[in-house]
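J.: For A:Lys207, the entry in TrEMBL reads active site, proton donor. According to TrEMBL, the NADP(+) binding site annotation covers A:Leu11, A:Gly12, A:Leu13, A:Gly14, A:Thr15, A:Val16, A:Gly17, A:Thr18. The annotation L-homoserine binding site is assigned in TrEMBL to A:Glu192. The domain 'ACT' annotation in TrEMBL covers A:352-427.
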Protein chains: 2
Amino acid sequence: MGERAIQVGLLGLGTVGTGVVSIVERHQNELAHQAGRPVAIKKALVKQIDKVRGSEVNGVELTTNPEDILDDPDLDVVIEVMGGVSETKQLLEKAIRQKKHIVTANKDLMAEWGASLLALAAEQGVDVYYEASVAGGIPILRTITEGLSADRITKMMGIVNGTTNYILTKMSQENRSYEDVLKEAQELGFAEADPTADVEGLDAARKMAILATLGFSAPVQLSDVAVKGITNVSGKDLHFCEQLGLTMKLIGVAKRDEGRLEVCVEPTLLPSDHPLASVQNEYNAVFVHGEAVGETMFYGPGAGSLPTATAVVSDLVSVMKNMRHRVNGYAAMKPLYEAVFKEEQEKQSQFFIRLHVEDRTGTFSSITSLFARYDVSFEKLLQLPLEEEQMAEIVIITHVTNRAVYKELMEELEQLDVVKTIASSYRVEGGKG
Amino acid sequence: MGERAIQVGLLGLGTVGTGVVSIVERHQNELAHQAGRPVAIKKALVKQIDKVRGSEVNGVELTTNPEDILDDPDLDVVIEVMGGVSETKQLLEKAIRQKKHIVTANKDLMAEWGASLLALAAEQGVDVYYEASVAGGIPILRTITEGLSADRITKMMGIVNGTTNYILTKMSQENRSYEDVLKEAQELGFAEADPTADVEGLDAARKMAILATLGFSAPVQLSDVAVKGITNVSGKDLHFCEQLGLTMKLIGVAKRDEGRLEVCVEPTLLPSDHPLASVQNEYNAVFVHGEAVGETMFYGPGAGSLPTATAVVSDLVSVMKNMRHRVNGYAAMKPLYEAVFKEEQEKQSQFFIRLHVEDRTGTFSSITSLFARYDVSFEKLLQLPLEEEQMAEIVIITHVTNRAVYKELMEELEQLDVVKTIASSYRVEGGKG
């Protein structure tokens, strides 16, 4: 071969960046075999030059000045693992204009600026790969765009946020409160000091926007995703779920019915034998339904420095293979369709409702007649006494209805004399209907 | 665009071939979007021209003469879904020499002649893709070669045969005999009239040879795979498994330790909470462990005409994209390593052993002292009376030992006075060790 090594600059040298350096070093042989020539991480942009670092990054030249990387004519590829949105976008735009290929793990950036970065890259004939931005170590973007390229995907359901899955798993298995488990997750490093983006569902929503854009070949923005987080989930909800054979997960759903889309992230109840129900702790999984292939599922670590670094380096391998064959700049496909979204009355699903009601004659019939008036029937129903005197708890799982009807029904339900509070309400997926 | 359609010839027009024709028609828009020009299935090789067929194949010219396809200069791609080995190989070699790209779903062919076909294709500058040959609708070959290309895979465990998984699922859930369920599976079309290749594990072994070759980048042949089928599995074995929290599956295992390989297919006991344990009926799944990524799993339909056809058409899309960029002939990578296999004493695992013994003083101690002499300790042990008088059943799960020790131990165990028979013995995977 005898060609010079492919040279890479890193923006960011935290845990993922360090993982990238060590994988590239440890797997040098295999990588060179695939790319046709060796690869070296030459430089890294860091915040502090003199921070103590592991010996694996000894061979990497450190700089605090991004120009040292963006303007270095020897660098073929820039790997972005520093995070951030607007400034980072400007750095990557500059890198693309300097004809450097980009690999990024940044879902915030890709959910917001992906389309514009990909367009610029196509114009400049360079690659932008971002496998690590969704579901860490699971090569789900490739699977959707290549492995299932022949099929028409109708539905994707994913556990795409490890922090919330960890919290819900522990709450449910160990019968602990949300606050208690969140605190533990922060101590263990599974949740950030400010957990808002995770627990409010924003992080998952960004990933669903990326998945939906690729899976449906239509531009889905973060603002198109209806989002609800897990901060109001109570131990009681989890307890009733279990009794009803259901498991709660923070689920991202992206559906397409006759060309109309629905993308949302919310706490969702699944039958306990659903493949996603057994995905525990910080693991992620994406369930994909295709018209022809039927049901498939892809499971793996959703985060962590080495799994994420694996996805980054696999992208680097793709860039290197493209360089070898001189076909960079074609990887990203422009969406084929416009994104047309469903109205509320087209969004079908089952619902779980937990009510506190007065325990007296007529309560039950006034509730059931309200549901009957809205033509919403019950799949399951539980009534239990509450500790408070003359109060009872009712748990309902409806058959399939639509969101518009459901919303009106809930408003009227809240006004009923006999109903004290609607304690909680969740979407139910994957049931019998 | 304006370029002529990419033209495809089919070898075989059974259920998978018909599925390919209908997917190509139904998804024409999406396929053309990806390939940059339209694609058409022009001709198909069939056994009988005048057989009644569905209307979806009306536009396809039928022939019983392979030369009509192989010698047609207008055909760019040949899709092989006819099955068979030696004759089929000759047809494909001829097609490759005529510079036609190949997509095949034929695991028998690829397990036996894959390396030689890939070498010929590289020489002729054409593509050979074979995603559908392993695990039907799960894009596992792409996942291993691209999605996890940066990682070093250390272990793959797969349920890669739907027929045997269907049989074991039904036997275990419905408490039925092997013969009974096999008969039903044959009636339902899940098992062939001659089920030998499935139930003896050969089909799974071929797929494991293909997976191991790609995952370890080393040429693994069918003859390198140690195979044991499910024909001797009894309801009693399944019953004891359940009691011990284990689930039996026909598992293909491919392991690499310090560069030395072990590939086998055999009925294997997994902890019931292992991700593979919940894969039921005709579904397939492949569990992949990578040094950096950790544990991942890929799940989906293992067979069926539409899932298999999806994989075939996704391969067709890859060929078409390569044609667009004029980079055909590079997809297959020559293995980087030689295949070096472990000796018996390097093959570590736990074992399940079920014995019928005489129920008298000293039985237990003569068995346990034999195990102690071989330095094999117990993880679990059950003793139950048998209906036969003065006989007992003992079930043992050992800690990790190696196959060489295990084999000697079993031979000596069989000779013990107190042991009447060794009723069964299985490998245990994924336990605590």
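Note: Cβ is positioned from N, Cα and C throughout, glycine not excepted.
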J.: What counts of helix, strand and coil residues does DSSP assign across the domain 'ACT' (A:352-427)?
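T.: Its residues fall into 24 helix, 34 strand, 18 coil.
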J.: Can you tell which of the binding-site residues (A:Gly17, A:Glu192) has the fewest other C-beta atoms within 10 angstroms of its C-beta?
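T.: Among the binding-site residues A:Gly17, A:Glu192, the sparsest Cβ neighbourhood within 10 Å belongs to A:Glu192.
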J.: Check the residue listed as 'L-homoserine binding site' against DSSP and tell me helix, strand or coil, would you?
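T.: Going by the DSSP assignment, the residue listed as 'L-homoserine binding site' belongs to neither helix nor strand, so it counts as coil.
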J.: If the NADP(+) site is taken as the center of the Cβ atoms of A:Leu11, A:Gly12, A:Leu13, A:Gly14, A:Thr15, A:Val16, A:Gly17, A:Thr18, which further residues of that chain fall within 8 Å of it by their Cβ?
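T.: For the NADP(+) site the neighbour list reads A:Leu10, A:Gly19, A:Val20, A:Ala44, A:Val81, A:Met82.
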J.: Which of these binding-site residues has the least crowded Cβ, counting other Cβ atoms within 10 Å: A:Thr15, A:Thr18?
T.: A:Thr15
J.: Ten-angstrom check, please: count other Cβ atoms within 10 Å of the Cβ of A:Gly12 (NADP(+) binding site), all chains counted.
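T.: Neighbour count, Cβ to Cβ under the 10 Å cut-off: 23.
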J.: Work out the three-state DSSP category of A:Leu13 (NADP(+) binding site).
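T.: A:Leu13 (NADP(+) binding site) sits in coil per DSSP, no helix or strand.
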J.: What is the number of other Cβ atoms found within 10 Å of the Cβ of A:Val16 (NADP(+) binding site)?
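T.: Cβ-Cβ neighbours of A:Val16 (NADP(+) binding site) within 10 Å number 25.
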J.: If one measures from the C-alpha of A:Leu13 (NADP(+) binding site) to the C-alpha of A:Glu192 (L-homoserine binding site), what distance in angstrom results, rounded to a whole number?
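T.: Computed Cα spacing between A:Leu13 (NADP(+) binding site) and A:Glu192 (L-homoserine binding site) is 18 Å.
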